[in-house]
Amino acid sequence: MTSVVVVGTQWGDEGKGKITDFLSSDAEVIARYQGGDNAGHTIVIDNKKFKLHLIPSGIFFPEKISVIGNGVVVNPKSLVKELAYLHEEGVTTDNLRISDRAHVILPYHIKLDQLQEEAKGDNKIGTTIKGIGPAYMDKAARVGIRIADLLDRDIFAERLKTNLAEKNRLFEKMYDSAPIAFDEIFEEYYAYGQEIKKYVTDTSVILNDALDAGKRVLFEGAQGVMLDIDQGTYPFVTSSNPVAGGVTIGSGVGPSKINKVVGVCKAYTSRVGDGPFPTELFDEVGERIREIGHEYGTTTGRPRRVGWFDSVVMRHSRRVSGITNLSLNSIDVLSGLETVKICVAYDLDGKRIDHYPASLEQLKRCKPIYEELPGWSEDITGVRSLEDLPENARNYVRRIGELVGVRISTFSVGPGREQTNILESVWATI
């Protein structure tokens, strides 16, 4: 039994897709356990970029099984579009498996997401308007439609009618918005269901059988710990649990079967959307990092907010996800800076604190306490070992490991597979 979980340790966009793709070469099954098509990940293969939102990164390995677990909310329209995109690029999807227990995102979820966000005005969350939150709301309220329901014409029709009646009352009475007709959804989405039917199965059986047989299983998280609905910067969070604990709920695999948790982070910090961000940069350094790092959302295209590396955030992520190994990305983006900074603690009303506050009001008053290190000017994109890094870059990497309290297993100096350097194989140490 061998399993590794890959989680984002910041606010998403840490490079999880790249690291999952890298670790997938030694895995036999790759599974996604939460989120929806609000999460974008970019994989670079032979200098060609592939952008995915729903399908696991392991799809590029035809001999390996790729799983969309029960904790994922699936927009069938987006999924069919993504499948077509992969087919056009010559990528086979015969190795894809989709949980029959996964919940379905429908047009009324997307409409409700938009109306709710507009109604919040200045207090908006900054969602991707993909219907993720409303779909998880229906799931918790026990009125959601699952993939298994979508495949049964009569059951889908019955449940869609019931849900539309409720949602349309909400649209008309609360939001003064036009209702959605049954015929606008039913045939189109039933057809999507039939198109993906061949991939649908009980994925918990596949995953547990693989683990019991001693196969290597890689679990791929979406978003990041700081967007977790319980452990993140609530309410500026997603509606699911990206933390490693989400694996057990979102994949149907027990906690005793999880061996390693790899936390993925960048050598700086970024986030999309609203919410607290103590180390955010508003100067030319921030603009430089954004441009060199191509910090624009895969899903939204929005410019990402950027800031210095925050070890307070990282220690919080380490604790709540049980991170055993760290994967540090985008070190190359900081090349050329005379000085690099790491936030080591916060100043809250004159008192030093080392933990991340739950209160948004306290977070607003937190000022980062920085440790400054000398930067480096060398081009490091061709570096293939820690020893080959310039001394200042090497010291920066080591200091991050010390402050977070987790050993660094891999570090990356660019987006390509070949630019990921192994310090310690997470598979070999299990």
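In case you wondered, yes, glycine gets a Cβ from its N, Cα and C as well.
According to Swiss-Prot, the features are:
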| type | residues | note |
| --- | --- | --- |
| ACT_SITE | Asp13 | active site, proton acceptor |
| ACT_SITE | His41 | active site, proton donor |
| BINDING | 12-18, 40-42, Arg304, 330-332, 412-414 | GTP binding site |
| BINDING | Asp13, Glu14, Gly15, Lys16, Asn38, Ala39, Gly40, His41, Thr128, Arg142, Gln223, Thr238, Arg302 | IMP binding site |
| BINDING | Asp13, Gly40 | Mg(2+) binding site |
| BINDING | Thr298, Thr299, Thr300, Gly301, Arg302, Pro303, Arg304 | substrate binding site |
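Using CA atoms as reference points, the binding-site residues Thr128, Gln223, Arg302, Pro303, Arg304 were checked against Thr42 (GTP binding site), and the closest is Gln223. You'll find the Cα of Asn38 (IMP binding site) roughly 8 Å from the Cα of Thr300 (substrate binding site).
Across the structure, Asp13 (active site, proton acceptor) and Gln223 (IMP binding site) are spaced 7 Å apart at their Cα atoms. Reduced to three states, the DSSP call for Thr128 (IMP binding site) is coil. If you compare Cα positions, Gly12 (GTP binding site) sits closest to Gln223 out of the recorded positions His41, Thr128, Gln223, Gly301, Arg304. Under the three-state DSSP scheme, Gly40 (IMP binding site) falls in the coil class. Checking each of the recorded positions His41, Thr300, Gly301, Pro303 against Lys18 (GTP binding site) by C-alpha distance, the shortest gap belongs to His41.
A C-beta separation below 8 Å, combined with a sequence spacing of at least six in one chain, links Arg304 (substrate binding site) to Asp13, Ser270, Arg271, Val272, Arg290, Glu295, Tyr296, Gly297.
Take the binding-site residues Gly12, Gly15, Gly40, Gly301, Pro303: by the count of other Cβ atoms within 10 Å of each Cβ, the lowest one is Gly301. Of all the binding-site residues given, namely Asn38, Thr42, Thr128, Gln223, the one with the smallest number of surrounding CB atoms inside 10 A is Thr42. In the three-state DSSP scheme, Lys18 (GTP binding site) falls into the helix class.
Using the residue listed as 'active site, proton donor' as the reference Cα, a 10 A cut-off selects Gly15 from the binding-site residues Gly15, Thr128, Thr300, Gly301, Pro303, Val413. When the C-alpha distances from Arg302 (IMP binding site) to the binding-site residues Gly15, Ile331, Val413 are tabulated, the minimum falls on Gly15. Thr128 (IMP binding site) has Gly301 as its nearest neighbour among the binding-site residues Gly15, Gly301, Ile331, going by CA to CA distance.
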